[in-house]
Amino acid sequence: MTLLAVDDITVNYGRLTALRGVTLRIAEGEVLFVTGPNGAGKSTLLNAIAGVVPAGSGSITMDGAKVTGASPEDIARRGFSLVPEGRNVFGALSIEENLKVGAGMRADRHKIAGDLESVYAEFPMLADRRHDAAGMLSGGQQQMLVIGRALMTAPRIMAIDEPSLGLAPKIIDQVYEILVRLRTQRKLTLLIVEQSSTRAMMTGGRMILIRGGRIVLEGLAADMIKDERLKQAYFGFGDH
Amino acid sequence: MTAVLQIIFDALSLGSLYALGALGIALIFGVMRLVNFAHGDFIAFCVFAMLWPSIDATAVVFAGMLPFYLLIPLLLIIGAALSILSEIIVFRRFRNANPATMMIASFALGFVIRHLLLMLYSSRPKSITLWPGLGLPVDFLGAHIPMLQVVTIVITLAALAVLVLFLKRTRYGLEMRAAADNFTMARMLGVRANGVILLAFAISGMLAAAIGLILATISGTADINMGANVMLIAFIATVIGGLGSVPGAVAGGFIIGAASVVFQATLPHDARVFRDAFVYGAVIVVLLVRPQGLFAPKSAKQRV
């Protein structure tokens, strides 16, 4: 069943149009990989769904309820957890406090302690340093922390913006291993935005290619990777 | 020895006052990047709330007649209510405006409050006597320390302890610190923006009421401008401490308080009238050396 439906949304930053009529569906338990060149509107798409930037037109529906124009906190409370680009840990807070902020809104408070332990089991490095300031972690560790923090919200959909940005290839592999594991073990619905499409294969889901604020290509990641048009979209030749 | 003790107590009690003021400013700055220059007028408003409106020179004490266990909560509620109303009526409209616009709005709000007091109470300072017993000195290791100084220090330390416990140990305190660190990210984790901001304003208003009570007791007068001076120094304290840092604001308050008292005690007689120039000179030196403030949290910086 469709968990998230985005219908024909546009987003304008002043006179600049970042998204021009994007429509997509994410079913429960699915992985959707969004890729495209720099400035295509990928992050804008995530921010619009999260309620951080307002959609100029179109509608967003989560689990059957219309959330267009809702505040970021209300959308988060409906189960959409965005891990934004640049990681955004609360640097002055400890690792454990970062995780607890993620759980703050939950109604099932008795389950929080158990979830905290399961995040620590998933990321043992976080457990070792749970009382250290999050700002002192390395980039890769911060990426683990924000994924863990998003898990603490008990999300129905987890969206991640550029999880590999600024990380060493080895760390990127680790991050994707974790994402794939979360998907297989927890049946987590994932929406991953990544400029490089090479990782899409690992996640084994659908993929959309955005360029100039529009979806230009859509299909199974395994098929799309072989598609010549994917390369064309990046290098800019061909019609657009 | 007794002179040193005297100086220490003077420094601590003056520093307490500035620290409470700086905290009120830092909390709001933390969550919405607003430097609330109306804070000083919140302080004055709380003091005048104890008086019956009249333009006579002699104050008609009204709420101020209440026993302390009723007066203190009442004033804290008045301070919190005024502060919350300011956010709902004024600052909420400027939520997405740039910080300079918000600051000017706070100046405007301050003028409105001040002139409201002017209309109701006239510009003449009024004498107001609260708890005369607190003016009596207590002997402490041979020094005569006014009871009020001890009470001021104890109140400040208690307020700080409660605030630290609130920020560190409660869910709402955690959310407030997260929001101060990265407001948008906190909202994306379900932290309610309005809730956190209203809470910050409520606490800030209560701190203003506490300062008002202490100031009125120390000076024995109610003056429309009485909050402005504290506000200015408290603002400087937050800048020295590192804007947005709560421990920095407290430390900045105590440092300025201590600097004022030490300069007062050690400067040559002829130079004492220029004490404030020395204090502000020291502030300039501090900011030249550490423009980000003394306690700007290092860990808060992004690592890439």
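Here, residue 1 is simply the first one shown, and the rest follow in order.
Cβ atoms here come from the backbone N, Cα and C positions, even for glycine.
What TrEMBL says about a protein is an automatic prediction, not a curated fact.
Note on the transmembrane segment (B:12-35): residues 42-43, 91, 94-95, 99, 102-103, 106, 148-149, 152-153, 155-157, 159-160, 163, 176, 179-180, 183, 196-197, 200-201, 203-205, 207-208, 210-211, 214-215, 230-231, 233-235, 237-238, 241, 243-246, 248-258, 260-261 of its chain, located 6 or more positions outside it, place their CB under 8 angstroms from a CB of the stretch. Residues or ranges marked as transmembrane segment in TrEMBL: B:12-35 (among others).
Residues or ranges marked as transmembrane segment by TrEMBL: B:42-62 (among others).
Non-local neighbours of the transmembrane segment (B:68-90) in the same chain are 38, 42, 45-46, 49-50, 105, 109, 113, 131, 197-198, 201-210, 212-213; each lies 6+ residues outside the stretch with a CB under 8 Å from one of its CB atoms. Under the heading transmembrane segment, TrEMBL lists B:68-90 (among others).
TrEMBL lists B:102-121 (among others) with the feature transmembrane segment.
Proximity of distant same-chain residues to the transmembrane segment (B:141-167), defined by a Cβ-Cβ separation under 8 Å and at least 6 residues beyond the stretch ends, is recorded for 1-3, 5-6, 9-10, 12-13, 16-17, 19-20, 23, 133-135, 173-174, 176-177, 203, 207, 210, 214, 217-218, 246, 250. Annotated transmembrane segment per TrEMBL: B:141-167 (among others), in sequence order.
For B:195-218 (among others), the entry in TrEMBL reads transmembrane segment.
Long-range contacts of the transmembrane segment (B:277-296) within the same chain: residues 236, 239-245, 247-248, 251-252, 255-256, 259-260, 263, 267, 271, each at least 6 residues beyond the stretch ends and with a Cβ under 8 Å from a Cβ of the stretch. The transmembrane segment annotation in TrEMBL covers B:277-296 (among others).
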